[in-house]
Amino acid sequence: MVRKAIRSPIVANGGTDTVMPSEVFEWTTKDVSIWLQNAGFQQYADLFAVQHKIDGATLLMLSELDLRDPPLQIKCLGDIKRLGRAIYDLRNSHINSSQPSPRISESASQHDDVLLCVEYDQRRKMSISGEDVFVRTKQSAIIDDPLVDSISDSGDIRSVRLISRDELIRTVESPDTKSKSLAKLLIAFLYCLSSLLITAFVMVLVHDRVPDMKMYPPLPDIVLDNLPLIPWAFEVCELIGVALSFIWFTVLIFHKHRVVIMRRMFSLVGTVFLLRCITMLITSLSVPGVHLECRAKSYGTAMDKLMQAFHIWSRLGMSIQGVRTCGDYMFSGHTTAITLLNHFITEYTPASWTFLHTATWVMNLFGVFFILAGHEHYSIDVFIAFYISSRMFLYYHAYAYNHANLTATDDRIRLWFPLGWFFEAGSIGKVPYFSSFSNLSVLPKMSERVYS
């Protein structure tokens with residue numbers, strides 16, 4: 001942040017206040033010498049004021065690293081810490097106890113601060129908020145000419161607070177508040193929505209590339225070759241998905257921590273279906289069943305493709321809704337959906353609800369069976385979909401439940417799991433199994449919701 005000129009520096013020492021003749025930034029080297037003597041550092045007055053000609057503005061720029069390294073090179077660690085603290089207190093006292101100059105009072109009401117971005121690495125240190133951090137600044141990256149002109153019109157720059165990487169990390173990892181949780185939920189929802197729209201558009205593209213069934217017959221498949229075709233099987237799989245969705249959203253409505261759970265659901269669904277976009281687009285497999293009437297179909301203009309993508313997205317890609325697509329085989333979206341629904345129901349209901357957990361797992365397995373029985377996907381499509389969906393769910397929740405310990409022991413975790421770190425840092429971790437389930441006949445009150 002950039003703050004404008006401020007007045008009336010006051011130095012406290014030993015119960016006696018000494019009012020310096022001018023603001024700190026206008027102190028001469030003699031004023032600095034007087035301040036050092038009053039603060040109990042008379043042994044360094046000559047070193048600062050005479051040998052190195054440190055004035056008030058320079059004094060406020062000093063960090064502990066400057067005191068420790070040449071040319072000042074103070075040998076006593078205690079003096080380094082005490083003097084560094086005294087300079088830090090002087091800086092804060094000067095800023096906090098001052099009033100804006102009349103010359104900038106009008107503009108200060110609208111533009112108190114100017115946010116600056118900086119680059120830094122481990123080549124140099126700078127004292128920020130009383131701590132030494134490694135900083136490398138580039139003048140061209142901090143302030144350009146128009147910004148300098150706008151600031152110079154309203155007053156001088158008196159202090160700069162750098163927005164460092166550590167400060168951004170502390171902001172993300174601060175405990176979740178109601179507004180922060182809702183903001184994360186909105187971001188996760190938009191991420192999931194965008195992912196599903198992209199998936200629908202990719203399905204339109206791969207339909208145009210589906211191999212000719214006359215030239216490329218179904219590939220050998222150990223399951224499909226030995227499992228007779230059941231024409232109505234795929235519709236039954238979709239009905240199983242609808243039943244699982246009904247169970248899950250019923251659980252979600254009555255759950256006390258629904259905001260946290262929805263955020264995790266949106267982030268997982270968005271990520272898995274983005275992976276599906278990549279696998280669909282890379283390789284086009286031949287049609288798995290001879291009963292399927294699939295041929296390459298071009299939707300013409302980009303607008304036509306977008307309209308068809310919206311048709312698929314708005315009907316959730318379900319055949320019972322009138323959607324028929326070809327070429328989107330690797331990996332199975334239906335298997336992904338029912339597997340994630342099964343895992344969410346199992347994870348966020350009480351452990352004592354064994355009947356429900358058994359039922360959802362049976363429905364999950366039968367859903368997979370009916371996909372294969374309908375010859376709508378190869379066995380490898382279903383296997384990869386189940387593996388990726390279940391592993392992503394387990395990995396994400398393993399991180400969510402242990403993110404504090406993981407990031408505390410290894411900073412690289414933030415880089416390895418950026419999505420999980422952003423959504424789960426500051427969250428409550430493992431969500432209790434119970435909550436509003438104790439009385440399903442009464443909806444939870446709005447005031448009892450937890451936004452963590």
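A Cβ is built for glycine as well, from the same backbone N, Cα and C atoms used for every other residue.
Here is what TrEMBL says about this protein:
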- 27-93: domain 'SAM' (DOMAIN)
- 185-206: transmembrane segment (TRANSMEM)
- 229-254: transmembrane segment (TRANSMEM)
- 266-287: transmembrane segment (TRANSMEM)
- 351-373: transmembrane segment (TRANSMEM)
- 380-399: transmembrane segment (TRANSMEM)
- 419-443: transmembrane segment (TRANSMEM)
Seminar exercise, completed: Near the transmembrane segment (351-373) in space but 6 or more residues beyond its ends, with Cβ under 8 Å, are 223-224, 227-230, 233-234, 236-237, 240-241, 243-244, 247, 332, 334-335, 338-339, 341-342, 345, 379, 382, 386, 433
Problem set entry | Positions on the same chain near the transmembrane segment (185-206), where near means CB under 8 A and six or more residues out | 259, 262-267, 269-271, 273-274, 276-277, 280-281, 284, 299, 305-306, 308-310, 312-313, 317, 325-328, 333, 423
Problem set entry | Across the domain 'SAM' (27-93), average pLDDT on the 0 to 100 scale | 86
For this session: Take the domain 'SAM' (27-93) and count its residues per DSSP category (helix H/G/I, strand E/B, coil), listing them in that order.
Result: 48 helix, 0 strand, 19 coil
